[in-house]
Amino acid sequence: EAKEEPKPAKQRRSKRISRDENRGQWKSKAEFVLSLIGYAIGIGNVWRFPYLCYRSGGGAFLVPYMLMVLLAGIPLFYMEVLIGQFSGTGCTGMFRLVPILKGTGICMVIVNWYCVCYYSMIISYPIRMIYYCFWKIVPWVNCNHSWNTPNCTALHKVGDENFKTSADEFYHLEVLRISEGIEHLGGIVWEQLLSLFITWTIIYLCVLRGIKSVGKVVYFTATFPYVLLTILFFRGVTLPGAGTGIKFFLYPEWHRLLDLKVWADAAQQMFFGLGPGWGGIVNMASFNKFRNNAKFDSILVVAVNVFTSLYAGVVVFSVLGFLSHKSGIPVATVATSGAGLAFVTYPEAIAMMPFPQLWALMFFFMLFLLGIDSVFVQLEAVTSSLLDEIIALRKYKMIMTLLSCILFFGMSSVMCTNGGMYILQLLDWYSSALAVIVICMVETVMVSYIYGINNFMDDIEFMLGKRPSWYWKISWMYITPIVLIFILLTSIIFIRTITYGDTSYPVWAVVIGWLSFASSVIWIPLYIVYIVMRKRGNVKESLKKRLRPLDWTPADPEVREEYEAFRRQRNMPGFMSDTSAELDK
């Protein structure tokens, strides 16, 4: 009796099909676009960009900022959307393109891990502040509370550095109940822990079915902030002194364009404002239909991001102008950024308006909605990466999501202590800022120089039916890598010693901060060393094999067959199959 011949091709095909099994897909284009808008537009558009723009030359700052968006922001964003949409995999699976760089995917997961922890803590503060909006008199308006000190005073009376405003004392002594430093963690602030629990409960309910539930939730979370922002806009611009504040925000100081720091700030704002390098863009795009017009989506999301930053700037500075008008303190003095703007300065101005509870409620609810979308995407990037690697777990996705939320809640709870804000600041300062720049540099090198820009252009032509123009090729090969190197160097050159207000961090805390950075990027070289050491035979041949694509094909089986025929027609370099990878172990 004749033995049946082995069918390695069929075996390879069935193994590749499995990665598309039950992964999910957006029900409509709107769900994908809104999820990206929600991801790219966050709290930073409200509390970082406006102050940075004002500090860096007002309207003149928009020149380097827009140049950075056009030359690097849009190309990088578009490239990540294309990678995710073509491969149908998340931030670890995308490195099938160059398998030896898979450590970069692990790096992405760890960076998201840190960010989800501290970012969920940030958006729990608005939940806590919403509670105070239902008080008969908002508690940050005067110094008649148990937490106030003898140094508490009204804003217009602040002259001595020893005095603090009622809003400042409310935030630090009641909301944070902050300790003297990171070495004094203190006890749990139970009200904040409850706020964090509510935050994670909402997050879980929104993501428990993956993109099926996220796709529905973003119709509200990505659009309603614009309703609130528009209401606050009309309230702000009709206040006395609003014109002065807006002038401070937009008045151009052209001589500032000669300052390298302004260009560095513009590049960093572009980079961190759009969010490449975290894996979220790749992961959201991986649920797209294969022939989706990715270029239009990318440009639209970036354009909305830029518009929102400017729009939010007018809203913020119109109110800061009003605060200056009422207090007699110059706009330059009251203007600030970060948590100080969101939880001290802006509430201070709101307290001077009629019906402050209403305006405060809208402002804090808007901050919460702006932030929660980003957590959706980053949490989904982490869970999808795990499910892409261990496909058998996909049938337990809801349980895995629940366990992830419980784990992140537990890890975040340490920031609900009296010293929690110092931990949050430390992670925000060190854990991700430089790491995502390194990740993006690896991505551009991988696509343009290892896989080859012409091969990548061929893939796009197959997917979208049209070959990208020379603009994209030049950007991906030269301009974007140069801008990324510029951002990395200036981030290192202009890095400041970490402080929180006037409180310095001890050396051991700074070391922990740098270790949080190293704990993610170290996986890039570690994985390369791991591959070299575990493979038998010639090291050179092993490296060469892992610089070739590993099953870099569309996830859909029918499209995959078309693509393989397309590759043969174009004489594109072959990929290393899953089977050959197994045999080489």
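Even glycines carry a Cβ here, placed using N, Cα and C.
Note that TrEMBL annotation is computational and uncurated.
As given in TrEMBL:
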REGION    1-22  region 'Disordered'
TRANSMEM  32-49  transmembrane segment
BINDING   GLY38, ALA40, ASN45, ASN305, LEU370, ASP373, SER374  Na(+) binding site
TRANSMEM  61-79  transmembrane segment
TRANSMEM  100-121  transmembrane segment
DISULFID  CYS143-CYS152  disulfide bond
TRANSMEM  193-211  transmembrane segment
TRANSMEM  223-250  transmembrane segment
TRANSMEM  299-323  transmembrane segment
TRANSMEM  358-377  transmembrane segment
TRANSMEM  398-423  transmembrane segment
TRANSMEM  429-453  transmembrane segment
TRANSMEM  474-495  transmembrane segment
TRANSMEM  507-533  transmembrane segment
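Counting C-beta pairs under 8 angstroms (sequence separation of 6 or more), the transmembrane segment (193-211) fails to reach the transmembrane segment (223-250), with fewer than 3 such pairs.
Most Cβ pairs under 8 A with the transmembrane segment (100-121) among the ranges 299-323, 429-453, 474-495, 507-533 are made by 507-533. Of the recorded ranges 32-49, 358-377, 398-423, 429-453, 474-495, the transmembrane segment (507-533) has the largest number of C-beta contacts under 8 angstroms with 429-453.
Sequence-distant contacts of the transmembrane segment (299-323) (same chain, six or more residues past either end, CB-CB distance under 8 Å): 33, 36-37, 40-41, 45-47, 49-50, 53-54, 62, 66, 69, 73-74, 77-78, 155, 226, 229, 232-233, 236-237, 239-250, 273-274, 329, 331, 334-335, 341, 345-346, 348-350, 352-353. Spacing of GLY38 (Na(+) binding site) relative to CYS143 (disulfide bond) is 38 Å (Cα to Cα, whole number). Beyond the ends of the transmembrane segment (61-79), by six or more residues, the same chain brings 52-53, 256-257, 262-263, 265-267, 269-271, 274, 276, 281, 294-295, 298-299, 301-302, 306, 310, 440, 443-444, 447, 472, 475-476, 479-480, 483-484 to within a C-beta distance below 8 angstroms of the stretch. Between ALA40 (Na(+) binding site) and CYS152 (disulfide bond), the C-alpha separation comes to 38 Å. Sequence-ordered, the extra residues of this chain that approach the Na(+) site, with Cβ no more than 8 Å from the Cβ center of GLY38, ALA40, ASN45, ASN305, LEU370, ASP373, SER374, are ILE37, TYR39, ILE41, GLY42, ALA222, GLY275, THR308. Annotated pair CYS143 (disulfide bond) and ASN305 (Na(+) binding site), C-alpha to C-alpha distance, rounded: 39 Å. Within the same chain, the residues at least 6 positions away from LEU370 (Na(+) binding site) whose Cβ sits under 8 Å from its Cβ are ILE41, GLY42, ILE43, ASN45, VAL46, PRO225, listed in sequence order. Cβ crowding, taken as the number of other Cβ atoms within 10 Å, peaks at ALA40 among the recorded positions ALA40, CYS152.
The recorded positions listed here are GLY38, CYS143, ASN305; among them, GLY38 has the most other Cβ atoms within 10 Å of its own Cβ.
With respect to their backbone Cα atoms, CYS152 (disulfide bond) and SER374 (Na(+) binding site) stand 36 Å from each other.
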